[in-house]
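Engineer: Quick paste of what TrEMBL says about this protein:
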type	residues	note
DOMAIN	24-468	domain 'Amidase'
ACT_SITE	Lys78	active site, charge relay system
ACT_SITE	Ser153	active site, charge relay system
ACT_SITE	Ser177	active site, acyl-ester intermediate
Amino acid sequence: MNPCTFSISRLREMFIKHELSPVEIVTDTLDFIYKKNPSINAFLHINQQCIDEAKKSEERYLKGKAGKLLDGIPIAIKDNICTVDQPTTCASKILKGYMSPYDASVVRKLKQEGAIFTGKTNMDEFAFGSSTENSAFGPTLNPHNLERVPGGSSGGSAAAVASFMVPGALGSDTGGSIRQPASFCGVIGLKPTYGRVSRYGLVAFGSSLDQIGPFASNIRDVCIILNAISGYDEQDSTSCDIEVPDYEKSLDIPLKKKEISVGIPEEYFEEGLCSEIKEKINKLLDNLSNDGFCIKKINLPHTHYGIATYYILATAEASTNLARFDGIRFGYRSNNSKTIFDLYTNTRGEGFGKEVKRRIILGTFVLSSGYYEAYYLKAQKVRTLIMKDFADAFQSVDFIITPTTPETAFKLGEKSTDLLKMYLSDIFTVNANLAGIPGINLPIGLSSDKLPIGVQILAPAFKEENLLRFAYYIEQNLTRE
Ligand code: GLN
């Protein structure tokens, strides 16, 4: 039996009672990953050395000294998060074999809590995509149906949790890359508030939008990982010095249902939303209302500008962030160049994939003189309006419920030739990144063709505690079919 069908909290309990040991679970987990990965391609690198860490963890349990949050728990890390003892490639040829000289702050924190890193997960190259088809090392497949994509860009992490290769994983979310693959794979994925979790050591895509967050199969496990990775970090000037509550403990505080109101934004339920998703969400809303929650219709009037605004700002930031990959400092270097200029262009031309080049060109264009005011500056202004929409809405509601995605997992190759369609996969997720607020995907059932359906819940900035308690209520009471 695969040990990762157990939750993180259950594994911890079994370790403490000596019913199972970290070495046993890590050995079985690696065996399972080796067996399963060839068909799913969730991992780009499997970390055989993690057995040594499992042995150390086991000793701590034997000595009764294991009080840490994730002691002995296998965790997978998206391959754009730096790790000293495993490669960090961002699923790009340009970083093939690259070893970071330092750990990302989240990795350092997880290590301190005793987590065992089983490997690095597949993704869209530099996190540009919604399907994990843009990886230079082949796509990840959806464990629910191998003809379907797992979503992206953190498709490897989502698929690893969904196929029980690990009980928890980290991803990054710039415009939906945790929530959208979580929805396609039927797991939970949380994008925290911008500034809640340090971005130090996350290879930057859109620095004003990126956040690292957890994947797991239940809310309690998400809380445990979030407890471990949250908090101020002096190495990330945008991380916030705001107290971190104990998210796991707060799950035990009962909700005052009658005092909670939930906003349903009309703009998220228009034409284009798959009818089965709509039905499932409506059923959930009926149940919430029957349980005493107040469900209110609201408006977020600038919603429709989200995708355009996001693709201007995200590509602008990406084009500057990716300037550092020049063949001099990191990874791949083209070896047929006569001049330094040739070296740059050949390295970037050979090392970057198609989508990366497209985004660098688009981002450079919107930042170039003459177009800056028309595109970049205008997009910044619209971003402020989108933020204001949420601020206004949260005056009268505690949470906002929307679909996570307009449809369930699509077929491999289905959208690769129609980019606009691909970009529209994030229509419901990008606005939370533009506004900096937290959002979670919660699975709420399967479609008639047995593909997962997810709901997105949004909350005001730094209200993860409430968001998780509310999601926990739904998970415990309202998601059973
Ligand atoms: N799919 C979106 C994009 O391609 C979001 C990616 C992300 O969140 N990293 O930009």
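Glycine too: its Cβ is placed from the backbone N, Cα and C atoms.
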Engineer: Are there any residues at least 6 positions away along the chain from Lys78 (active site, charge relay system) with a Cβ closer than 8 Å to its Cβ? List them or say none.
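Structural biologist: Residues satisfying the criterion: Lys120, Thr121, Met123, Ser154, Gly156, Ser157, Ala169, Leu170, Gly171, Ser172.
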Engineer: Work out how many Å separate Ser153 (active site, charge relay system) and Ser177 (active site, acyl-ester intermediate) at their Cα atoms, rounded off.
Structural biologist: 5
Engineer: For the residue listed as 'active site, acyl-ester intermediate', write down the residues of its own chain that are at least 6 apart in sequence and whose Cβ falls under 8 Å from its Cβ; none is a fine answer.
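Structural biologist: Correct list: Met123, Asp124, Ala127, Ser130, Gly152, Ser153, Ser154, Gly171.
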Engineer: Under a three-state reading of DSSP, tell me whether Lys78 (active site, charge relay system) is helix, strand or coil.
Structural biologist: strand
Engineer: Taking DSSP as the reference, which of helix, strand or coil describes the residue listed as 'active site, acyl-ester intermediate'?
Structural biologist: coil
Engineer: Give the helix, strand or coil assignment DSSP yields for Ser153 (active site, charge relay system).
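Structural biologist: Going by the DSSP assignment, Ser153 (active site, charge relay system) belongs to neither helix nor strand, so it counts as coil.
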